[in-house]
C-alpha cells in the first residue's frame, strides 16, 4: 500500500479554500459506500489499486472487516486534479445500518456535499431516504452515484430497460429533494442526469456520467457487452472510465467550496446573534479570524488518548494554542493537530478554516462541542444540537466473566460512550448491574465485540430488553410536595404536552438554550400555548419534558432555581410507574414556600419535595407506558404480500401502505420494537428469501390498555422492585 503519497500537496492545497470540498458518502446498508471509498483512496495513492474494491480500507476496525459493514464514520483527505487544477477532497465514509445512524448524522453537520449511493437494483431504500432528509435539513447538497450497474445488467440485460431504471432512480431522489430541501434550494439542487450524475460499479471500479459517455463515445450497449466478454473487457472499461474520475469530477463541479457553503449553512446550524463578530469570519471561512470549530467525532486512541475531530468554520487550529470549550466551559491546550487518512493521522503544525481536523488533548470535548478562541470565552453561542432520529431503546445487563476486571469494564464502557454517545451506560441502583443501551440489537452486539477486540474483555450479557417511556394522558390537580425537614413546600401539577409542542422540540425548533421571547412566540403561534405560560419555561430536558414556573413573588425561589430544575430532571429520568424515563410531560410549578436559611434548603431537601409533588400529580393524570415503534420498508414480489401482512399482524403491527411498483410491491408497516427481534428470520421464511427491507425508529406509542399493568409489573420485577407500582399516598405530604 502506498501511504500518504501526496500529503505535502494536501497540506498546501488546504490553504486555498476554493480548492477544498468537504463530502460524505451516505446510503442504505450494503449499497456500496465503503467499496466506493476504496476506489477513491486508490486513485489518491492511499490504497493499492489491486485490492481497491475489496479492501474496505475505511472500515479499519476488525469487526467492520469481518462483518463487511461500516460501524464508525472514517475520514480521509484526498488529492484530486480536475481540469489541470488540484483539489483537496475531505471525505467521510459513514455507516448505512440504522443502528449506527447517529454517526452518520454527526458527520452530516461538518460536510457540504453528500454522495448518495443507491443500489441500481434495490433503488431508494429507507436509510437512503432518511439520510437524504437529514442532509437536506442541514443544507448539505446531494449528488448521486447509482451503483451496482453490473448487477442490474445481469438482471435486466436490455440497454433500454437499464436506462429506464436509472431515470426512475433519479426521479425518486428528486422527489425527496423537492420534499425536504429548503425552498431556496429545491430547484437548484434537483439532479439532472444530462449534467453529470454518476453511475457505475464500485466493485469493478468504473464510473460514468452522461457528459463522459458523450465525451468518450461509449454507448449503454457497449457496457452491457462488456459483461458478456469477461474480466479482460471489464479491466478495459476500468481504464476507459475510471470510477474516481466520474465521482470526484462530479464532486468538484457540484459541491460548493467551504466558504460558499458556510454563507448559507451558518444561519441554519448556528443560532446565535447574527451581529456577533464571529459571524462575519464564519461566513467567509476566514483563516485569519478567531478560531471557531465544531467537534463531530471523538475517538479514544490507545496511544494518544482522546482525539477530537471536527470542522473549522473560522480561524486556524494550531498545536500548542489554548482554546475554550463552550459547552464544557473549560480552557484546554491543543497538543497536536492532524488530518485523517482512514485509521491514520498525519501531523500538521496547523489546519485552516474550511477543513476537517483532528486535535489531541481536548480531554473535556464531547461530540457536538463548540471550540473557540479564548477571546470568545464569554460571548460565543454553541452550535445547534444535532437532532437524532433514532433512540437507544434496547438494553442488556452486562458483567465481566472475570470479576477482577470490573474496573477495566467500567473504563471501557466510558470510552465506548465517548466515541458513540448513543451507547448509554447506567448502573441499576437496586441490583448493581451495568446496563448498556443501544439503538438496536446489532448496535449492542458490535459494542460487546469491541469490548473483546479493543479492550480484551470477556463479558456476560443478559438477553436484550426494551427501554420504554412513561407519560400522562390527562391534566392533574395541584399537589403539595414537602421537604423532609418540613420547611420547604412546592405546589405542582402535571399535564401532557400537545403533539405540536413535541414536534417543535423533537425537530430542535424549541430548545432550552434559545431566546425566551422567540421561544414564547413560536409556542403561541404554532402550538397554541397561553402567552403567560409560554414566557415562563424554566427547563426542557432531553426526553421532551418541560418545567414551567407560574409562581409570583416567591421569596428565595431564585436562589434555589438550579436545584429545583435539577430535581425536575431527576424526576423525569425515572418515572413512578416503572422507573422508566418520562416523555412529553409539562410540569407546572404554581407556588412555593422556601426557607430563608440556605442550610435548610439544600438539594437533600428540595429534590424529594419536587419529586413527590410531580409523582403525585403523575399518578392521578391517567399515566401510561409508551413503547418504541419501528417503521419497516419492505420490497417484495407481489405474491408474498399476504404472507407479509400475516407476519405484521402477528407482531402487533399494522400495514401503513402498499405500493405497486414495476415488478414488485413496496410495503410500509409498523411494529413494536419488542416484537422485532426475530422479524428478519420470519420475513425471509415467508418470502423464500426474496424480500429486501430496511427499518428505522418511527415514534413512541401507548401500549394497549390490556397489556399495561402486566408490562409495568414485568419491568419492575426485572429491576428488582416490587411488582406493584407505588400508590398516590406514597407521595402525599403527611
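In case you wondered, yes, glycine gets a Cβ from its N, Cα and C as well.
Keep in mind that what you see is a predicted model, and the values were worked out from it rather than measured.
The annotation GTP binding site is assigned in Swiss-Prot to 27-34, 93-97, 147-150. The domain 'tr-type G' annotation in Swiss-Prot covers 18-259. Residues annotated as diphthamide in Swiss-Prot, with similarity to another entry given as evidence: 600.
Looking only at the recorded positions 33, 600, the densest Cβ neighbourhood within 10 Å occurs at 33.
Cα of residue 27 (GTP binding site) to Cα of the residue listed as 'diphthamide': a span of 57 Å. In this structure the alpha carbons, written CA, of residue 600 (diphthamide) and residue 33 (GTP binding site) are 60 Å apart. Look at residue 600 (diphthamide): DSSP puts it in a helix. Comparing the binding-site residues 27, 149 on other C-beta atoms within 10 angstroms of each C-beta gives the minimum for 149. Secondary structure at residue 30 (GTP binding site), as computed by DSSP, is coil.
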